[in-house]
Amino acid sequence: MASFLNITSPPFFSSRTSLSPSPPPTLTAQLTQFKKGWCWKLKCMPSSGPSQETDSEPPETAPSPSNSASLLSSSSVSTYNWCAGLGGVGFLETAYLTFLKLTNSDAFCPIGGGNCGDVLSSDYAVVFGVPLPLIGMISYGLVATLGLQWSGKKFPFGIEESNGRLLLLGCTTSMAVASGYFLYILSTKFSGTSCTYCLLSAFLSFSLFFITLKDFGLEEIQKFLGLQLCIASVVIFSLNTSYATLRPASSRYPDVHAPHSFCKGICALTFFHLHLCDSSLADINLEYFTTEITTPSSPFAISLARHLQSTGAKMYGAFWCSHCQEQKQIFGKEAAELLNYVECFPNGFRKGTKMIKACADAKLEGFPTWVINGQVLSGDQELSELAKVSGFKIEESNQPS
C-alpha cells in the first residue's frame, strides 16, 4: 500500500496542480509587457505622426521675386487708377475756371459769395501772362492721361514703368508745391477771403502727391529727395519771379484811400480793386445813389447828345465817380438824359462786387470812358472834342458856349 501510494501520488498531485488556476501576473510583468508592445509600435510606425503634421502644414517658403513683382505691379495699378480719377476731377475744375477767365465771366461760388471771382480776376491768377487755371488744366490733364494709360499697362514712347512712376512723382510734386504757394498767397494777400475752387485744387494736388509717393520705399524716397527739392525750388522761383513784376496796388490805382481818386480827369477803378489795395477798406459797403444834374442844356449840347446816341457812342461810368458827374453837368440835364450812359456798378459796391459784363468787356482803365466809332477816350471831354471825334458838324448857330 505504501509503495502504491508512493508510486501513484506524484501523478495525482501533479494532475491536481495542473488543474488548479495559475496565479495572476505581477505588476512588474504587466509593465514589462506594455513597454515591449509600445516599443514595437514605435519601431513599426516611426514616421506616422510627423507625416501627418507635414501633410497638414505645408512648409513656409520665402516669397519669390516674381511674387514681389506682382504685388508691386498691383499696387502701381491702384495708384494709376487714383491718379486718373483725381486728375480727371482736377481737369474738369480747372477747365471751368479757364473758361471763366478767358471769357471774363462770373464764377459760381457755392461757399463765400463772390470771393471766388475776386481771386480769379486778380493779378495772381496769371503767371507770366498765362492764366493760372490753364496751367492747372494742363497739369491735371497730363496726370489723368498718364494714369489712364499706365493703369492698362500701356507705356507710350517706350517708357518703362519705373521711369513712368518717376515722371508721375515729378508732376505731382510740382503741383503740390504750387498749391502750397498759392495757399500762402490766399492767406496773406486775400485775408478773410474763402475760395472754394482754390481749396479743392489744393486738396487734389496734395492727394495726388501722397498717393504717388506711397509707391516708393524709404530708400527710393531718399534717393529721389534731391530731385524733388530741385523741382520745388524751380516752382517757387518761377512764381516769385512772375509776381515780383507786379506793381504795388497803390501805384496802379492812384489814391486808393479816397472814394474819388483823380488822375488827369479820370476816376481810377478804385472801388473795383479796393479789397486788393487796402485791407482797412476791404469791407466797405456803398449803396447805389444818383446825383442830380442841375445845369441847363444848351441847344448845341442837346444836338450833340442826339448825334452821339444815333451813332451808338457810349459813356461808361460809375455812380461814385465825380468826373462822371462833371461830364454830365457839362451836357446839362436835358442832354445828359439822351446819352447812352452805362453804369458799371448798378447795384452799388461792396466786397466782392465786380463790374457788369459790358464794362468788363470794354477793358476800361478809368471813369468816365467814351467809346465813339471804335475810338476810346478816357476822362471827361469837352463838347467840341466829342463833336470832332463823332463827326458832328458844328453849325454857327449851335456853337458850344
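Just so you know, glycine gets a Cβ as well, placed from its N, Cα and C.
In TrEMBL, annotation is done automatically, which means it is predicted and not curated.
If you look up TrEMBL, you'll see 76-216 marked as domain 'Vitamin K epoxide reductase'.
The region 'Disordered' feature in TrEMBL is assigned to 49-70.
Within the chain, the transmembrane segment (124-146) has long-range Cβ neighbours (under 8 A, six or more residues past its boundaries) at 80, 83-84, 86-91, 93-95, 97-98, 100-102, 164, 167-168, 171-172, 174-175, 182, 185, 189, 201, 204, 208, 238-239, 242-243. Annotated transmembrane segment per TrEMBL: 124-146 (among others), in sequence order.
Annotation comment: TrEMBL describes 166-184 (among others) as transmembrane segment.
Residues annotated as transmembrane segment in TrEMBL: 190-213 (among others). With a cut-off of 8 Å between Cβ atoms, the residues of this chain six or more beyond the transmembrane segment (190-213) that come close are 79, 82-83, 86-87, 89-90, 93-94, 97, 107, 109-112, 115-116, 118-120, 122, 136, 140, 143, 165, 168-169, 172-173, 175-176, 178-180, 182-183, 221, 279, 282.
As annotated by TrEMBL, transmembrane segment applies to 225-246 (among others). Below 8 angstroms of C-beta separation, residues 123-124, 126-128, 169-170, 173-174, 177-178, 181 of the same chain, each at least six residues beyond the ends of the transmembrane segment (225-246), sit close to that stretch.
Taken through DSSP, the domain 'Vitamin K epoxide reductase' (76-216) splits into 107 helix, 4 strand, 30 coil. Here the domain 'Vitamin K epoxide reductase' (76-216) returns a mean pLDDT of 84 for the predicted model.
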